[in-house]
């Protein structure tokens, strides 16, 4: 199965999702433009609603009610993808990752939800900041889009 997310906002780009079956990892690839230099939190959020910009996307997709964590952590939100790294505004930021928790299949699938690029680095739930266990203290939302099935 394949899906696509067209990111818009201060940051824009295309992110593709591909998964051969429910038992296989999810491949996430694509690019972003106009992303400031540094690390930026990258998460699937609970709602596929961008009617009020990225704020209407809700919180991180967390159907299992876990604390926020790194993509490879045992305890994490389903929607936690960690950070993406940008070389700066004038560069293309490539995205290429695999995830073993997120899926395009089953009751916790991400189809119809939103993908959000954040202003700040995701601390992966590892700091004492009050937002660390809920958002990774990753700040505001630079861009977002709705994940949709594609050919």
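The count begins at 1 with the first shown residue.
Including glycine, each Cβ sits where the backbone N, Cα and C put it.
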Recorded Cu cation site member, picked from 118, 129, that accompanies 43, 45, 60 in Swiss-Prot: 118
DSSP-derived class (H/G/I helix, E/B strand, else coil) of residue 144 (disulfide bond): strand
Nearest of the recorded positions (45, 60, 118, 144) to residue 68 (Zn(2+) binding site) - Cα to Cα: 60
Euclidean distance between Cα atoms of residue 77 (Zn(2+) binding site) and residue 45 (Cu cation binding site), Å: 10
